[in-house]
Amino acid sequence: MKEGMKTDPCNKLQERVEADRVMFSLGTFQNVSVPVNGTVHAVVSRIPADVSFLTLQFHTHHRNVTLSYTPIPLYGSSVTAADAGLLSTLTLSQTTVSWFLKTPDGSSAAGVGVILPYTSADPVPGACNQEFPLEIDPNIYLQYNLFETTITFAPANIGYGRGESPPACDVDTDSSTRWRLVYELYQYFLPEGDLSEQSLISSLERAANVQNMQDNGRKVVSLSSHDRTQFSFSSLPGQGVIFSVIVRDPVLNTSASYIPVHTYACSFNSTLDGCSDLGRVSSKVFFTVMGLAGLFVCFVGHRFFKCELFCMGFCFMAFIFFVLITTTTTLEYDIRLALTALMGVVGGVAMVMSWWRFGSVMACVLVVGLILGFLISSIAFFTPLGDIPIFHNDVVFWVVFACIMVFVPLFFIRWPREGNIITCGVVGGYAVVLAVNAYTYTSLSYITLDVLKRLLNHNFSRAFISVPLQDIDFIMITVWVVLGVSGIVMQLYREKSRPFFPPSPYVMWKQERERRKTNVLDPSHHKPSLSARILGRIRQLTQRTEPAGETTPLLF
């Protein structure tokens, strides 16, 4: 064992000779390229005496890299991620620090790194780590799926000077210990639809340290040292998001930043469902047809009442069936979407036939009003109202959601025609927004998608659902408002002199039949029934007329 340890310094020396040496300056971003099967030796020197510890953070677009304190990465002294970071405490006379950077599979990689200095008064991120391999771990660990993105980080400790022993983490809980620290979670959204490396690097430079993240980011939540250090956010596939945690010492009025981490909630390495293939052809076809139908309903839905009922019944049944088939089966997305469209057609036909047969306008308007109520309730929880902690409770959320949803059709019972026309304008306009979302990303699709996620995933209730509103979103909001208002005004003006709702064809036929039976003066009263007329015509075509007997020619 001792002989093996003697050869270790030689191996380290050999690695250092072979490594590419990159000199860093404190607080300055440095582009770094890792060669194939190579190691980069990152060095910073001339460290000021008032600096107590340093953090090195290195970011790539999507490739994993390994940061290590030693030339050969060891468990407990290295970290592997696309956003990796290490923290080094300094000794009394230390002026130079070095780290080693390589890729886990020996491939090449390129990224950007920065070294940030902190004094003895600044809190130490991850210094009370008891969960992850590193002794002091300033990293934020990120996991995502279709529904939610979860971040986890280790607790921090209060600052201490060079050569001093770190304060105990869990001996006391008074104001002189790490329990006085406060954590703030920040989000920084990249430009919508921009998956480029240049956009990511420039965004990371605006979110790497405390001041930049405060100026450019959005604070999501602030928590104490007694709260959990794990949080969930709604996944936004294709939307770049940078997460950062800033730890503050309220006594000394100092702060420090954990290593920022980014995600697009999709994979750049997957050949199926990757970031480059987010827009499925099936989804584009489905939502394009839906958008065209929404445009039709928005402007002439009430005039063509049967078409409107079909579209609303389609939406109502399709949504319910998609939730059921997704929770009970493991079918592929395209198959589920096709079955959903089929059941939507069945729902649309059923709604039209129910109106045709029974003629109950109020029952149909109730279903239409529930769709409008669902959309209004979804809009309400799409706002910051949805991130209020009380609504992370499923019972509270669904009770309030259902109350808003039911209140809307009840409100329009007194004005059914106006309620139906307003529903046509609002829902039809939103269908156009969803159609546009199939081709270019817009955050407005998450108005209903977040509710769908909450129905399909029981753990989604704990997630923060904030999404960015950028230029394309404000454009689509304007389009939605213009379509909705113009459609509502146009239909109200056109329908003001018409009956509130068209009569049911079946009810009209029954009334006409009864009128014929009772009105003997009506010529149609003496007509044979339709079946008798058909049978008589068949007999005429199939039977040959016999001569009546001897005939005498006419005499002129």
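Glycine too: its Cβ is placed from the backbone N, Cα and C atoms.
TrEMBL labels come from automatic prediction, so no person has curated them.
Feature list (source: TrEMBL):
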type: DOMAIN; residues: 288-492; note: domain 'TM7S3/TM198-like'
type: TRANSMEM; residues: 285-302; note: transmembrane segment
type: TRANSMEM; residues: 309-331; note: transmembrane segment
type: TRANSMEM; residues: 337-356; note: transmembrane segment
type: TRANSMEM; residues: 363-383; note: transmembrane segment
type: TRANSMEM; residues: 395-413; note: transmembrane segment
type: TRANSMEM; residues: 420-441; note: transmembrane segment
type: TRANSMEM; residues: 474-493; note: transmembrane segment
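When Cβ-Cβ distances below 8 Å are used as the criterion, the transmembrane segment (395-413) is approached by residues 362, 365-366, 368-370, 372-374, 376-377, 380-381, 419-420, 422, 451, 454, 461 of the same chain, each at least six residues removed from its ends. The stretches the transmembrane segment (420-441) and the transmembrane segment (285-302) meet in space: the count of Cβ pairs below 8 angstroms, excluding pairs fewer than 6 apart in sequence, reaches at least three. Long-range contacts of the transmembrane segment (474-493) within its own chain (CB-CB distance under 8 A, at least 6 residues past either end) are made by residues 295, 298-303, 418, 421-422, 424-426, 428-430, 432-433, 436, 442, 444. Residues 308, 311-312, 314, 337, 341, 417, 420-421, 424-425, 427-432, 434-438, 483-484, 486-487, 490-491, 495 of the same chain, all 6+ positions outside the transmembrane segment (285-302), place their C-beta atoms under 8 angstroms from a C-beta of that stretch. Confidence in the domain 'TM7S3/TM198-like' (288-492), given as mean pLDDT, stands at 88.
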